[in-house]
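Asks: First, the structure itself, so that you have it in front of you.
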Amino acid sequence: MDNHTKSFSSLLISLWFTALLILVEMVSCARQHRRSFLAKEADLVTNLPGQPDVSFKHYAGYVPVDKSNGRALFYWFFEAMDLPKEKPLVLWLNGGPGCSSVGYGATQEIGPFLADTNEKGLIFNPYAWNKEVNMLFLESPVGVGFSYSNTSSDYLNLDDHFAKKDAYTFLCNWFEKFPEHKGNEFYIAGESYAGIYVPELAELVYDNNEKNNDLSLHINLKGFLLGNPDISNPDDWRGWVDYAWSHAVISDETHRNINRLCNFSSDDVWNNDKCNEAIAEVDKQYNEIDIYSLYTSACKGDSAKSSYFASAQFKTNYHISSKRMPPRRLAGYDPCLDDYVKVYYNRADVQKALHASDGVNLKNWSICNMEIFHNWTYVVQSVLPIYQKLIAGGLRIWVYSGDTDGCIPVLGTRYSLNALGLPIKTAWRPWYHEKQVSGWVQEYDGLTFATFRGAGHTVPSFKPSSSLAFISAFVKGVPLSSSRVETN
C-alpha cells in the first residue's frame, strides 16, 4: 500500500471516528432531552381543584437538593401567559424565616390563582405577574410548606447559608428539568426575610458564574427585586422603632427610653435587659393591631395561628429568643386569608394534583413553620456588602416598600440604603399608575428605591395593578412613570 493510499485510509478512519463521536453525542443529547421532557411533563398540573380555566401551563412538584439525606424542595412554576420561551424568569421567595412562597406569593399576591374566601377554590388574578414573566415559586428551606428532608438533623442546621446553598442546588437541578428556560433572563425576587435570602443567593449565582468557564453552567442572572426587606439589623431596628413613634403607635416617653437604652449601632441590639424591656412596650402596642398593615382590621378568628400570636409564648419569645422580627402575622387586605389558604392546601385532592403527596399519605401543610422561625441561626447581620458587590458587578437592583407596614417599615429600609452612600442619579419624585400617585421613587447609581402609597407588608396584595406595572418596568429596565398622562 503506497503512502497516498495509507493517508487516505487514515483520513477515512478519522472521519469515521469523528462521525461516530458526533452520533454518540447526538444520541446522548436526545436521551437527556427526553429525560428532561418526561421529568417536566410528570410535574404538569392538569386537574387542580377549583382552578379557573387558563391557556398557559403550570407545573409543580419536588426537586431533590441532597439525595443522600433525602432532601427536596417544592416548587410551583407558571409559564408566562404568552411567549414563555422569550419572557424573563423570576424566582420568588417569601421570608419568615419559615414562611411559604406558595401560601403567600403564589396564592395571596402575584400568582395567577388567588385563594377564594369560600375556602374551597381559587379565583383568577387579573394582575398576576406571569402576564409579564415566567414565575417560579419556591418553598425554602426544607420544613417550609411541602419541602422536606428525611434526615432530622437537617432541621437543626438551618441557617442563612444552608438556605442559599440548597436554593442554588435547586436552581441547577430545576434548569436540567426545564432546559428551555436556561437562556432566559433570570431575576430573583422576594419580600420580608427574603431580603436576606435573595442577595445571598444572587451572590452565590454571581460567584459561580464568575468561576465557571463553561457557559453551559452559567445562570443568566440579571438582577434582583426586594419588597419591604430585611437588609441591615441596626438600621432595620432603628427604623422599626422610629416608624412606630412617627405613626403614633408608641409614646414619646417610650421612644426616648428605647433610644437611651438600646445601641442601634451594634450588630446585637438586644445586649441588655433594659433595652428588651423598653422594646416590649412596642410589642404591647402592636399586639393590638395588624403590624403588617397599620390601617387594616386584625383577624379575630379562632385559628391556631391567631391563638399563637395572642399567646404568652409568642410575646415572650419573639424578640428575646430569636432576636429578629417575627414572621408575618395576618397580612393582606383580608387578614383572615391565611386560614383559607391552609384549608385549601391540606385537601387530599389538592395535594395530589400538585404532586405534593399521593393524596393518601398527606403532608401537614402550614403557611409558616414557627419551629423554623424560633430555631433559625441568623448568620447574616447585613447584606449591604452584597449590594455593593453586585452593583459593581452590573446587576439591576430595585427595592420597594409599602408605606403602611410596621414590621419592616419604609423608614428602616431608607436608613439601610442610605448607609450605602450611593450617588443620586434621579431625585426623589412621585411615580404614577392609572393617573394617580402610586408612591415615590429615587434612582441611585446602581439601585432604584420606590414606595407604594397605602400598601402594607405584602405590597401586591394591596396594590395589585401598580405592582404589575412595577415588575414590568423592572424587567424591562425602564423608569417608573413620571406623569399622570398615560402613554401607549
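Glycine is treated like the rest: Cβ placed from N, Cα and C.
Remember, predicted model here, so these are calculated numbers, not experimental data.
Residues annotated as signal peptide in Swiss-Prot, with sequence analysis given as evidence: 1-28. Positions annotated as disulfide bond by Swiss-Prot: C99-C368, C262-C275, C299-C336. Residues annotated as N-linked glycosylation site in Swiss-Prot, with sequence analysis given as evidence: N150, N263, N364, N375. The active site feature in Swiss-Prot is assigned to S192, D405, H457.
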Asks: Find the shortest Cα-Cα separation between H457 (active site) and the recorded positions C99, N150, S192, C262, N263, and name the residue that gives it.
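Replies: If we rank C99, N150, S192, C262, N263 by Cα distance to H457 (active site), first place goes to S192.
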Asks: Count, for each of the glycosylation sites N150, N364, N375, the other C-beta atoms lying within 10 angstroms of its own C-beta, and report the residue with the smallest count.
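Replies: Fewest other Cβ atoms within 10 Å, among the glycosylation sites N150, N364, N375, is found for N364.
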Asks: Determine, to the nearest whole angstrom, how far the Cα atom of N364 (N-linked glycosylation site) is from the Cα atom of C99 (disulfide bond).
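Replies: Given the Cα positions, N364 (N-linked glycosylation site) is 14 Å from C99 (disulfide bond).
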Asks: Radius 10 Å, atoms counted are CB only; among the disulfide-bonded residues C99, C262, C275, C368, which position scores highest?
Replies: C99
Asks: Please report the Cα separation of C275 (disulfide bond) and N263 (N-linked glycosylation site) in Å, rounded to an integer.
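Replies: Pair distance, Cα basis, whole Å: 8 Å.
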Asks: Using N375 (N-linked glycosylation site) as the reference point, find which of the recorded positions N150, C262, N263 has the shortest Cα-to-Cα distance to it.
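Replies: Sorting the recorded positions by distance from N375 (N-linked glycosylation site), the top entry is N150.
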Asks: Report, as a single number, how many Cβ atoms besides its own are within 10 Å of the Cβ of H457 (active site).
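Replies: Neighbour count, Cβ to Cβ under the 10 Å cut-off: 28.
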Asks: Measuring Cα to Cα, how many angstrom lie between N150 (N-linked glycosylation site) and C99 (disulfide bond)?
Replies: 20
Asks: Have a look at the recorded positions S192, C262, N263, D405 and say which one has the shortest Cα distance to C368 (disulfide bond).
Replies: S192
Asks: Please name the residue among the recorded positions S192, N263 whose C-beta has the most neighbouring C-beta atoms within 10 angstroms.
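Replies: Of the recorded positions S192, N263, the highest Cβ count within 10 Å belongs to S192.
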Asks: Measuring CB to CB from D405 (active site), give everything in the same chain under 8 Å that is also at least six residues away in sequence.
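Replies: Result: N228, I291, Y292, S293, L294, A455, G456, H457.
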Asks: Work out how many Å separate C99 (disulfide bond) and N263 (N-linked glycosylation site) at their Cα atoms, rounded off.
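Replies: Rounded to a whole number, the Cα-Cα distance is 29 Å.
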Asks: Do me a favour and check the Cα-Cα span between C262 (disulfide bond) and S192 (active site); whole Å is fine.
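Replies: Here the two Cα atoms lie 23 Å apart.
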Asks: What is the separation, in Å, between the Cα atoms of S192 (active site) and N263 (N-linked glycosylation site)?
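Replies: Cα of S192 (active site) to Cα of N263 (N-linked glycosylation site) measures 23 Å after rounding.
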